[in-house]
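Peer 1: The structure under discussion is supplied below as structure tokens; questions concerning it will follow.
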Amino acid sequence: MAASELYTKYARVWIPDTEEVWISAELSKNYKHGDSSLQLRLEDGTNLEHKLDPKTKNLPHLRNPDILVGENDLTALSYLHEPAVLHNLKVRFIDSKLIYTYCGIVLVAINPYENLPIYGADIINAYSGQNMGDMDPHIFAVAEEAYKQMARDERNQSIIVSGESGAGKTVSAKYTMRYFATVSGSASDASVEQKVLASNPIMEAIGNAKTTRNDNSSRFGKYIEIGFDKRYHIIGANMRTYLLEKSRVAEEERNYHIFYQLCASAHLPEFQHLKLGKADGFRFTNQGGDPVIDDVDDAHELSTTKHAFSMLGINESYQKEIFKVLASVLHLGNVEVKDSDADSSRIPPGNKNLTVFCDLMGVAYKDMSHWLCHKKLKTATETYIKPIPKLQAMNIRDALAKHIYAKLFTWIVEHVNKALHSTVKQSSFIGVLDIYGFETFDINSFEQFCINYANEKLQQQFNMHVFKLEQEEYMKEEIPWTLIDFYDNQPCINLIEAKMGVLALLDEECKMPKGTDDTWAQKLYNTHLKTSALFEKPRMSNKAFIIQHFADKVEYQCEGFLEKNKDTVNEEQIHVLKASKFDLLVELFQDEGKAISPTGAPSGGRTKLSVKPDPRAGQSAKEHKKTVGLQFRNSLQLLMETLNATTPHYVRCIKPNDLKFPFTFDPKRAVQQLRACGVLETIRISAAGFPSRWTYQEFFSRYRVLMKQKDVKTDRKLTCRNVLKKLVEDKDKYQFGKTKIFFRAGQVAYLEKLRADKLRAACIRIQKTIRCWLERKKYLRMKSAAITIQRRIRGYQARCLAKFLRRTKAAIVVQKFQRMYVERKRYKRQQAAALSIQCVLRAYQARQLYRSLLREHKAVIIQKRVRGWLARRRYARSLEALVYLQCCVRRMRARRELKKLKIEARSVEHFKKLNIGMENKIMQLQRKLDDQTRENKAVSERLNTLESSYAIEGEKLRSELGRLRGAEEEARSNAKHVASLLQELALLRKELETTRGEKAAIEDRAETYRDKMEQLVSELKEQNSLLKSEKDDLNHMIQEQSQQMTEKMERTLKEQTSQLEIDLNEERTRYQNLLGEHLRLEERLDDLKEEMVLTLDVPKPGRRRADSTHSSNESEHTYGSEITESEEGSRGGEDVSKAGMDMSLFLKLQRRVTELEHDKKSMLKELDAKEEQFQQARARDDEDHKKSRGAELEYESLKRQELDSENKKLKRELNEMRQAVLNASNEELEVRKEEVLILRSQLVSQKEAVQHKETMTEPLPFLDVRKMNAGEIAQAYVGLKDTNRLLESQLQAQRRSHEGEVEGVRRELRGVKEENARQQQLLTQNLQLPPEARIEASLQHEITRLTNENLDLLGQLGKQEKIIHKFKKQLKVFAKKIGDREASQMESVSPGHIVDEPVVTVNIPRREKDFQGMLEYKREDEPRLVKNLILELKPRGVAVNFIPGLPAYIIFMCLRHADYLNDDQKVRSLLTSTINSIKKILKKRGDDFEMVSFWLSNTCRLLHCLKQYSGEETFMKRNTPRQNEHCLSNFDLAEYQQVLSDLAIQIYQQLIRCTEIILQPMIVSGMLEHETIQGVSGVKPTGLRKRTSSIADEGTYTLESILRQLTAFHSVMCQHGVDPDIVKQVVRQQFYIIDAVTINNLLLRKDMCSWSKGMQIRYNVSQLEEWLRDKNLMTCGAKDMLEPLIQAAQLLQVKKKTDEDADAICTMCSALSTAQIVKVLNLYTPVNEFEERVTVTFIQTIQTRLPERKQSPQLLMNTRVVYPMTFPFSPSSLVLDTIHIPASLNLSFLKRV
């Protein structure tokens, strides 16, 4: 297809513009071949006729389709030309806020002039390990590519960062070094990365300055080589600098930053001796305008610089000397030179600034002032000293200042390199070149000439590299290679550096005695004006020349070239400085090889920054000094050799505007820089060949719509060939490679046009069909509606007629029943009146009779109650006195008996008697316990009697209440009746006395009085109604206030509770992270030990020191286990010692958790106190309200006080009984303990006597002193051990009792709170009742309360019985221990030794039982047990064939037997070996998910077994009676429960790491890249940086892969019997990983932010939710983890136009931060022409509506978050005695007990 055929109507083109460089226009008429102009319509609607060039007839550039605009890679554009590149960069920068764009191998970086959150550690982690094309363009992607190629190709790399001043070169280089320092840790020195980064603030302080274009412009070039070892860890760095701008020291522009930093810190004491002041007071710092930079604190920057100096090893003394040199430069600039005459000058004596300069530098004032105003001239025979004029003296002064600063700069760079030098051998390096870009100003001098010369060399190297890559790509795909013509700037380089080039002529002119800039210019004109087309002479100047560079023509002014090239300084001034007493100054000006290093590093690692002469004898240094141009050319040559030996990576920095406005794009400035930096040259080279490249699969997926069904073959390559032959007739427009199809420029746009036309036609057909269907459906709906309306109207008319007939008939019926009702009502009224009169009379008679009977009955009851109460009181006092007397007598007798026993206990015969009488004492104890049981039963019977008496008394109180109420009603009625009778009698008498004639008047008066009374009654009724309404309002107000206070209190409680939960979760997270860190450190320690063993090959003798937290028993056991374990050898001792270390850390962590629990309890107590204060305040208010009620509640309060006193008395009696029982039990227990101690002492004394007799019977020569001492030590040890155990048991008992008391107090407090709430509720209800009902309700409430308290007392009595039962059990245990101890002591003495003195022993035999769920093993079999059960166990066989958690059950059954034997050493050894073995197997196979899951299940099961069978009531609630029999009886393993819990946490974290390692490679491919719904999202061209294909090729991951893996994880955990709660937590963590990785990649990939990709994501999320439903895991919280991803997918699909859409987005995206929402909207990219882009205005609307949302400091989600886990107690339903051990485990040495 010809190019001219694309210029049809509505085609869009680019035309030149003076303001915008290029503007877009649309063809309003088809172009025909031969037309001289184009008819265009601009975007603003104006018509334009564009004239074509009559000579070339070149048509304007075509514009790319909208779907290609904003691409990550400029080479992905179909039309590659300047306007397309400029527009693409502008759209990405302005609309999408993206500052990075690929252009082939070049990264284009546009300075945003704004801090962006895209350089954090989360972004570095996101780009680490990713392919360059898989993520959006970024400086980190270039750094990662260089790092990866260095490791893969074993070739050095270079990153070339270039651009003009203010474009962001320094920042880009800084972020590159930060990336390397983050992703590659150092191998030898942990601070190497910090040192490399610390060099940045130093170099910025001494080498950067503010310019008109940049606030932090680098005024020198630098090349930093970051060295790596064989493991690709940073080992050091080296820096080379180029062309420091020394002239800036004395220029009329802002100076280097370090001077302003010193002036800002001049007030500090350490800088007082420098005699500095404000920057405005020095000539070198007050010429740059405002000395302050916005948002920069110079004093703080100086502290940063000093810290960097210290980090690099430059100590404070050298820093002070450096600052002295810098301060002297400032003072030197302020030295004033005055005229003596026309040809001479002078410095007045005592010049303040020169005096300070000389004092700081340690030089003579006279010599320095002399040589600043004079110079020495040498001839062949004589030497002259000549004065110089003022202007020349000032220039010499400034030259000296610049020279001193340059020397100091060189010295600092050298010692920075020494500090960064490493003694480790460097394997490879990555160089970062931060160098100035092409510069052109109004006045260009020597510096601009050198800068542009360097850019010419770099551009040549860049062109050759791009050309080489293009050639390699074509050869790789086997495409015919045709030579591409590209710009070669070798002629320009020859013009500068050739034999008779500009630099050569400049050096030659510098050697001339009378050489000047004018003579040098004439030589340039004569040499190159006619021979070189790149050299020109300005028309209006004879002191300038023009060179045609690759970027632009530049005019250079010759003035100052020679002076700057010579770089001369008065030698006499140098001699004065060398004679200084200042060490650093002497070091600056002496030979480089004699310099002293402040860091002590060898000089071999230093790079020489300038070539210094080596003067020979008899030769002048001036003759051999190299010029600046020669030095720069040589260093540039070395740089090019280094770059050519490495693989280069290019970063081109663009300055978008000169005003430093954020995100403002100036097309003129941008296109100028694009032309200068070589980006357009890259585009031109690519466009000359085949710039658009598609794989066959991508082409098929994108343009499948253009193919017919018959064209589709199984071979994708053949299909693409056939289709392209039909679509594109010109075969030169494309080429078929091995894996890709190559297209000429514009062909992709043509194919996109065909695709869009095909889709548009299909859309029109779909619209036509749907519209037809909608219209037909509308017609059918209207027809059906008409028929329905007709039917409804006819039915309505019929219903109206029927309704009229029904109403007529109903009226007759209503009249009939109404008349009947009126007559019946009159009759009923008369009948009711008669019955009422009869009822009242009969009731009055009955009440009189009832009252008389009731009075007599109540009197009898009261007498009976009083007499009974007095009798019970006398009996209780008598009983209490008797019990007290019995206790005193028994105590006295017991003390006498104890004293007698102590006296008798001293003889051996008594010991025998005591043993004989032990059974009798046990029987006595049993009888005493029976007596106590009977007493408890008597107490319970008494309580039952009291309860029944209370019930009877309550009934009596109710009857009395009824009687009192009836009496009250009767009294009221009688009073009213008597008063009315008296009034009537008085009136009658008065009427009879007056006259009967006045009857009529009285009647009239009576009628008037009646009217007034009726009026008065009506008024009273109205007032009563008003009072009632006011009362109701007040009650309502009180209720509302009470409700508000209650709600406020509830909210406060909820907030404080939620805050406590958050704090607890955070502390739990920190604790679990600490455990994970401890595990990593432990693994690191083991690795280091293994490395030491491998390197030394000689095991060091000795035993590791046990932790100090262990007891003496444990340490001795550890020593014994080392001796006895022959199979493990020294490794066993190491494991035990390491277990000791673990145990100490775990105990510390446990103490920390305990402290946190105490803090939580204290906070809860504070909360309870506040709530109690609130309740008290409410109670006070209620009390005030009660007082206002008057005497209505007097009776109620008296009755309540009486009941309270009775209740308190009952409580007091119960407490006394409880205390008596406890005292008796405690006394009995103390007596038994003393007896045990006496028996133990008698046993020891008996054994000593036996051994003494044995030693006396043996002959003296065989007496062995050592054995005797060892026996005594053993006996002492046994005694001490028993005593410790006894004390431990007592301590545990006290602790449990204390915990029980605390829990009881808490329960009582909760009861008081509940009672208070009930009282308040009752009070509120009473206020609403009438006064008569209040007393009854109060009494009813008190009766209920007393009944509940009695029930509580009964419950407490039951608990006391349980405690007594527990004490009995303890007594049995003590008796059993005594018997076992006696048997063991007697067995230890051989029968032959006690023939003379036989000892009678009493041993209680153990009753044989059936299998009790215990496994017996010998101590020497412990290594075999651990080896077979843990180290060599294969989880798969156990999980499939046996019950889950079988190893845990076996270990616990072995623990039970050790507990049964009361062998603490065996218990401790088994648990320690088990924990260490689990850690060992997890370290060895920690990456095996199946292994980790298996041991997580078994560790949790062992932990649950320790809790379930610990004997604590909280864990025994769900046990069966048989399981309760299997509880541990001797040891409290609570500390080991915490150790196992910590171990389970570590295993859980290891499990999560395994899932992350397995899932992370699948997530991006399966969730984002793979097209689960085929054909929804089309593939777009990706340019040179190819991304991973979204088509499911073989070996790529899909969503099905993720689901299969999740199913595999779930099935493995279920097979291993992992607790369901833990499974839910694991699944929740897995879904968080999926969500975080997907969201992060979505935020960093522009191609994934489209409508179709949102649909794919939502479908994938729905599949994950369906998986959760299938596994019954919807309630585990995993779905909530996907909420950010769901909202991001919805954000991609919703409308994004109006304000309503913005409101909907703000409401919908609650789980996303503002930065994430804006980032997704900025990245949103249409895939098809039918989609629309998001406007900048809409994004700004979103930002303004989300200001209150909490902002996250990071853009990306943290993928390393591990939620804190908990282990809910999950008891097992298995009974231990039903578990069978399979033979396949090789545990035959275990014996069932």
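Going from the start of the chain as shown, residues are counted 1 onward.
The backbone N, Cα and C atoms fix where each Cβ goes, and this holds for glycine too.
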Peer 1: I'm validating the feature mapping. Which of 245-267, 636-658, 1648-1670 is tagged region 'Actin-binding' in TrEMBL?
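Peer 2: Residues 636-658 are the ones TrEMBL records as region 'Actin-binding'.
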Peer 1: Counting only other Cβ atoms and using a 10 Å cut-off, which of the binding-site residues Gly163, Gly166, Gly168 scores lowest?
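Peer 2: Least crowded of the binding-site residues Gly163, Gly166, Gly168, by Cβ count within 10 Å, is Gly166.
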Peer 1: Counting across all protein chains present, how many other Cβ atoms fall within 10 Å of the Cβ of Glu164 (ATP binding site)?
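Peer 2: So the number of other Cβ atoms within 10 Å of Glu164 (ATP binding site) is 23.
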Peer 1: Between Ser165, Thr170, which of the binding-site residues has its C-beta surrounded by the fewest other C-beta atoms within 10 Å?
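Peer 2: Among the binding-site residues Ser165, Thr170, the sparsest Cβ neighbourhood within 10 Å belongs to Ser165.
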Peer 1: For the recorded ATP site, enumerate neighbouring residues of the same chain (Cβ within 8 Å of the Cβ centroid of Gly163, Glu164, Ser165, Gly166, Ala167, Gly168, Lys169, Thr170, site residues themselves excluded), in sequence order.
Peer 2: Asn111, Asn214, Ser217, Gly437, Cys653, Lys655
Peer 1: Including all protein chains shown, what's the count of other C-beta atoms within 10 A of the C-beta of Ala167 (ATP binding site)?
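Peer 2: Counting Cβ neighbours of Ala167 (ATP binding site) within 10 Å gives 26.
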Peer 1: Same chain only, sequence gap of 6 or more: which residues have a CB within under 8 Å of the CB of Lys169 (ATP binding site)?
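Peer 2: Listed in sequence order: Val161, Ser162, Gly163, Ser218, Asp434, Ile435, Tyr436, Gly437, Cys653.
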